[in-house]
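These features come from Swiss-Prot:
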| type | residues | note |
| --- | --- | --- |
| MOTIF | 21-31 | motif ''HIGH' region' |
| BINDING | 110, 112, 137, 139 | Zn(2+) binding site |
| MOTIF | 248-252 | motif ''KMSKS' region' |
| BINDING | 251 | ATP binding site |
């Protein structure tokens with residue numbers, strides 16, 4: 001049989017990996033980690049990375065899921081050299097190989113009815129035998145190829161399949177455990193396990209990195225690869241990701257979709273850094289640049305044990321990257337969250353200034369956008385607890401006095417604003433907090449914000465003065 005590569009197979013490329021998700025749902029964190037490990041291994045070895053969409057499940061695959069997967073890969077910045085390739089567009093190729101296998105006696109048509117197969121399974125279960133096809137049709141010459149049938153791969157019956165898993169070591173499966181796999185359905189569509197084999201062959205895949213739930217597929221795929229004379233890639237089956245309670249990761253542990261983490265305010269760098277450490281390590285190092293990941297990553301350092309997802313650790317990493325990445329870069333991601341929350345940022349400080357002001361205070365960009373609304377739009381009410389605590393005593397007098405001094409400023413800058421607040425406190429013979437806290441609630445609506453001088457510069461003179469007057473009126477109304 002001949003190779004039919006969908007792209008030019010550069011003979012100088014010694015490592016070619018692939019990420020091959022099924023578009024039946026979003027890109028979840030387990031799939032994202034698999035994609036990352038596969039991508040890193042290719043980059044570490046100056047190789048190529050292929051994106052393949054395994055959409056043979058026609059009933060469950062959707063264009064929306066495909067778009068979500070590609071969006072997730074792009075957001076994580078895991079670019080591919082080849083693809084995306086779609087299995088549904090390669091059915092002619094798969095059927096060509098199947099027909100050749102039938103001609104060469106490597107596969108055969110099976111005309112058994114569903115009733116016959118159920119009866120066979122029932123008998124085997126009663127006899128406490130492993131359910132498997134009995135090759136009833138292997139030498140059948142009484143049916144026409146035009147009659148309804150499936151095609152089965154003629155699996156070897158002797159010996160074992162042995163492969164050295166790059167993560168788990170030597171794995172051996174007896175061929176007596178394997179059935180004659182259906183490789184083409186009655187409707188003429190090829191099955192998943194077969195399509196994978198042909199694709200890995202045609203695309204020159206040298207290393208298959210995937211979840212441990214695929215281990216049972218591997219011996220079947222190896223036998224087909226051997227039958228058609230294709231090279232056997234190196235397999236690496238990575239462990240599953242559990243929640244922090246040891247149970248399989250699910251929605252009850254929080255977000256499981258990659259794009260949900262984007263929506264929740266995480267930077268892609270934080271999620272990538274977290275995922276790479278979720279089953280792989282390099283000494284005690286926790287923070288990795290993209291370049292360091294590529295330089296250090298090896299499959300034999302990937303853990304065989306399941307990993308536990310810890311949201312607090314992810315938040316810690318996210319805050320690190322919010323602080324350490326250039327404000328211009330963080331601001332681009334922050335802008336999405338303002339739009340998502342319906343906040344118009346056209347009338348207010350530059351988003352880079354917001355990042356600089358709030359980087360130490362916020363764990364997520366969603367929190368940063370939500371907690372900085374007052375820079376761009378008016379708030380409806382004062383926080384009840386903050387107003388009750390700080391709009392009492394001589395708060396109205398302090399606000400009136402500081403408003404007077406702020407109004408008189410010739411320059412609206414940090415130093416001048418700080419001096420105005422300081423002078424107000426001195427003249428009233430009170431601590432800075434007796435002026436600063438009522439002022440904070442007056443201009444932000446809450447008791448939390450960056451330092452007052454920074455906050456007031458960001459909000460702008462006209463808004464600040466109007467909000468102080470509003471607070472004074474509010475206090476008088478409350479005391480009336």
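In case you wondered, yes, glycine gets a Cβ from its N, Cα and C as well.
Taking the features listed in Swiss-Prot, we show where each one sits on the structure.
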| residue | record | contacts (Cβ under 8 Å, 6+ apart) |
| --- | --- | --- |
| 110 | Zn(2+) binding site | 133, 136, 137, 149, 150, 151, 152, 180, 182 |
| 112 | Zn(2+) binding site | 133, 136, 137 |
| 139 | Zn(2+) binding site | none |
- Query: For the motif ''HIGH' region' (21-31), what are the DSSP-based totals of helix, strand and coil residues?
  - Reply: 3 helix, 1 strand, 7 coil
- Counting across all protein chains shown, how many other Cβ atoms sit within 10 Å of the Cβ of residue 137 (Zn(2+) binding site)? 20
- 110, 112, 137, 139 excluded, remaining Cβ within 8 Å of their centroid (Zn(2+)): 108, 109, 111, 135, 136, 138, 140, 152
- residue 137 (Zn(2+) binding site) falls, by three-state DSSP, under coil
